[in-house]
């Protein structure tokens with residue numbers, strides 16, 4: 001009984017540590033008190049101010065745009081890479097797998113400096129394209145590993161049987177591999193979208209003054225204190241994240257049935 005109680009108490013403390021700050025943030029986004037020190041009544045005032053703050057709205061649009069295209073490109077390239085690693089034998093296969101894990105384990109600051117040096121050598125100006133390429137780079141390994149792990153759990157004899165029955169590689173890819181990998185594809189896209197939307201370190205190195213994204217804008221604002229508009233914006237982002245998670249679960253459940 002005591003062990004059961006301690007386990008549940010520990011889990012309660014962990015979840016409280018994770019979610020109480022989020023609850024406070026969401027609550028303060030509706031609080032009339034600017035500093036959130038006490039509850040002074042429900043108000044939509046901070047959301048109205050947020051939507052009148054053109055700088056924050058523009059930064060949010062930039063972030064969502066970068067995250068969408070980065071996640072989509074990373075999912076396409078990462079999916080094809082995962083299929084190649086799972087389906088075919090080729091020289092350098094182990095090296096490709098190793099490089100993916102190296103990118104995943106590299107500190108953000110190392111990734112940021114490396115990409116900045118590359119863009120300077122190649123001549124890519126800092127802005128939209130440098131941000132997009134950087135975000136695709138650090139999202140790609142996560143998508144590849146997610147999809148490959150899903151494919152690696154399937155019996156490859158099913159693919160060989162389809163090939164023996166005369167199915168072409170395109171048919172096998174379209175009729176067997178892609179439907180089986182769909183939950184991992186959706187998960188990989190959502191993971192990439194979240195990682196891209198949340199990145200600060202790499203983005204701070206490769207972004208230009210002409211294309212400011214939301215994490216960098218918020219980072220510059222919180223140096224002087226968290227404003228209620230930031231709380232309101234964070235609440236909207238939380239709702240968006242929850243909606244994406246629910247959508248992912250619905251797609252996965254539909255595919256499994």
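Glycine residues also receive a Cβ, built from the backbone N, Cα and C atoms like all the rest.
Topology check against Swiss-Prot: residue 89 and residue 253 carry an identical topological domain name and occupy the same side of the membrane. Within the listed segments 129-148, 149-168, Swiss-Prot records transmembrane segment for the stretch 129-148. Per Swiss-Prot, the range carrying the annotation transmembrane segment out of 41-60, 101-120 is 101-120.
Remark: secondary structure over the topological domain 'Periplasmic' (197-231) totals 23 helix, 0 strand, 12 coil, with classes taken from DSSP. Helix, strand and coil residue tallies for the topological domain 'Cytoplasmic' (86-100), in that order: 10 helix, 0 strand, 5 coil [DSSP]. The topological domain 'Cytoplasmic' (149-176) scores a mean pLDDT of 77 in the predicted structure.
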